[in-house]
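Notes for the one structure printed next.
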Amino acid sequence: MILMYFFETYLDWRQHAALKLPTLPRTLEGVISQEKFEKSRAYSLDKSRFHFIHEFVTILMDSAILFFGVLPWFWKRSGEFLVYIGVNTENEIVHTLAFLAGVMFWSQITDLPFSLYSTFVIEARHGFNKQTIWLFFRDMIKGILLSIIIGPPIVAAIIVIVQKGGPHLAIYLWGFMLVLSLVMMTLYPILIAPLFNKFTPLPDGELRLKIENLASSLKFPLKKLFVVDGSTRSSHSNAYMYGFFKNKRIVLYDTLIQQCKNEEEVVAVLAHELGHWKLNHTMYSFIAVQILTFLQFGGYTLVRNSKDLFQSFGFDTQPVLIGLIIFQHTVIPLQHLVSFGLNLISRSFEFQADAFAKKLGYGVPLRAGLVKLQEENLSAMNTDPWYSTYHYSHPPLVERLAAIDEPDKKQD
């Protein structure tokens with residue numbers, strides 16, 4: 001874990017040096033204004049400095065938790081608390097929920113200063129934060145309440161599956177998580193997301209007509225088209241799709257509509273997103289995640305009965321949840337390697353989706369839209385190649401513009 005911290009900190013220093021460069025990349029000269037470049041540079045450097053501090057504090061706390069045996073100590077204390085209030089500690093589900101409640105409380109307390117500083121200092125300083133302190137804490141309370149409602153049944157189900165799973169445990173766990181992910185993907189946009197944002201149908205007009213015509217031309221089963229009030233919290237912009245089979249929906253952030261100069265740029269961005277659907281990128285990514293999840297549970301089943309492993313972390317018993325936590329710690333380097341591989345695939349998909357939008361005739365507005373979004377979101381203009389290759393799921397703007405322009409140059 002510490003070695004991974006040093007490696008990623010080295011990449012962060014490389015990126016920090018790239019952010020300090022006083023000039024735009026040659027590809028962006030004359031495309032991005034000097035004023036926007038200076039604002040982007042200041043914003044990126046502020047976030048970079050904050051990231052160094054946050055990561056340093058995180059690795060100190062995580063290392064201390066492992067070195068001083070905080071997890072086994074807290075597991076015992078949560079059991080003692082249950083005894084104090086007259087609850088049977090032999091019930092592993094109840095014991096685990098008490099443990100998780102304490103962990104959630106600790107996480108909220110330790111992460112709160114960083115969240116407040118990021119939102120109300122860095123984001124506010126650069127003109128992005130739009131939420132009040134009341135809205136911030138209201139969202140946090142809603143998130144905690146949702147965790148209290150949704151979390152216990154899921155935790156209980158996992159514990160029962162592990163206790164009763166036998167030799168086919170990995171299959172049962174994977175099957176449960178597959179069903180859970182499908183249910184959450186269905187319910188989140190319908191029941192959970194509206195608790196935090198307001199979704200309204202996109203008004204009739206030229207933009208709606210163009211989007212519906214694009215979806216129809218691609219045989220995309222668009223059922224609903226929404227605008228979400230992202231501007232109540234941040235001026236960052238986005239767009240996404242969701243839904244299964246013949247019930248697809250598109251959501252546009254109001255900030256995206258405001259930032260793009262005309263409807264063509266918004267439609268071009270959506271043409272890129274629809275390219276992911278048409279080229280089955282979402283399905284491939286979902287399958288990849290399911291395979292990795294199954295392999296992860298398979299690895300867990302190999303070590304879950306290892307008394308030596310639990311004892312090496314300071315545990316006298318072998319609780320199901322603790323086994324999962326320990327297993328996660330032991331495979332951290334492998335998880336980073338897998339994440340790197342998924343980023344490589346994701347960047348390839350982004351280039352393909354750009355090319356798809358270009359084939360539909362949206363090359364020019366897509367180029368303009370990407371530049372506009374880069375400017376308005378003050379995204380980093382200069383990126384270190386090692387850092388972006390390791391961390392970025394989307395290619396840097398310079399690479400995307402070069403890929404969009406390349407076919408025209410070959411044709412010329």
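Glycine too: its Cβ is placed from the backbone N, Cα and C atoms.
Feature list (source: TrEMBL):
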| type | residues | note |
| --- | --- | --- |
| DOMAIN | 15-198 | domain 'CAAX prenyl protease 1 N-terminal' |
| TRANSMEM | 56-75 | transmembrane segment |
| TRANSMEM | 95-122 | transmembrane segment |
| TRANSMEM | 143-163 | transmembrane segment |
| TRANSMEM | 169-191 | transmembrane segment |
| DOMAIN | 202-407 | domain 'Peptidase M48' |
| BINDING | His272, His276, Glu350 | Zn(2+) binding site |
| ACT_SITE | Glu273 | active site |
| ACT_SITE | Asp354 | active site, proton donor |
- Averaged pLDDT, computed only over the residues in the domain 'Peptidase M48' (202-407): 87
- the transmembrane segment (143-163): which same-chain residues, six or more beyond its ends, come within Cβ distance under 8 Å? 92-93, 96-97, 100, 104, 108, 169, 172-173, 176, 180, 192, 195, 304, 320-321, 323-324
- Position of peak Cβ density within 10 Å, selected from the recorded positions Glu273, Glu350, Asp354: Asp354
- Note on the structure: His276 (Zn(2+) binding site) and Asp354 (active site, proton donor), compared by Cα position, are separated in whole Å by 9
- Query: Can you tell which of His272, His276 has the most other C-beta atoms within 10 Å, given these are the binding-site residues?
  - Reply: His272
- Note on the structure: Cα-Cα, His272 (Zn(2+) binding site) versus Asp354 (active site, proton donor), nearest Å, comes out at 6
- Integer Å value for the Cα distance linking Glu350 (Zn(2+) binding site) with Glu273 (active site) is 9
- Message: Can you name every residue in this chain, apart from His272, His276, Glu350, with its Cβ inside 8 Å of the center of the Cβ atoms of the recorded Zn(2+) site?
- Response: Glu273, Gly275, His281, Phe349, Gln352, Ala353, Asp354, Phe356, Ala357
- Message: For the C-alpha pair, I'd like the distance in angstrom between Asp354 (active site, proton donor) and the residue listed as 'active site', rounded off.
- Response: 9
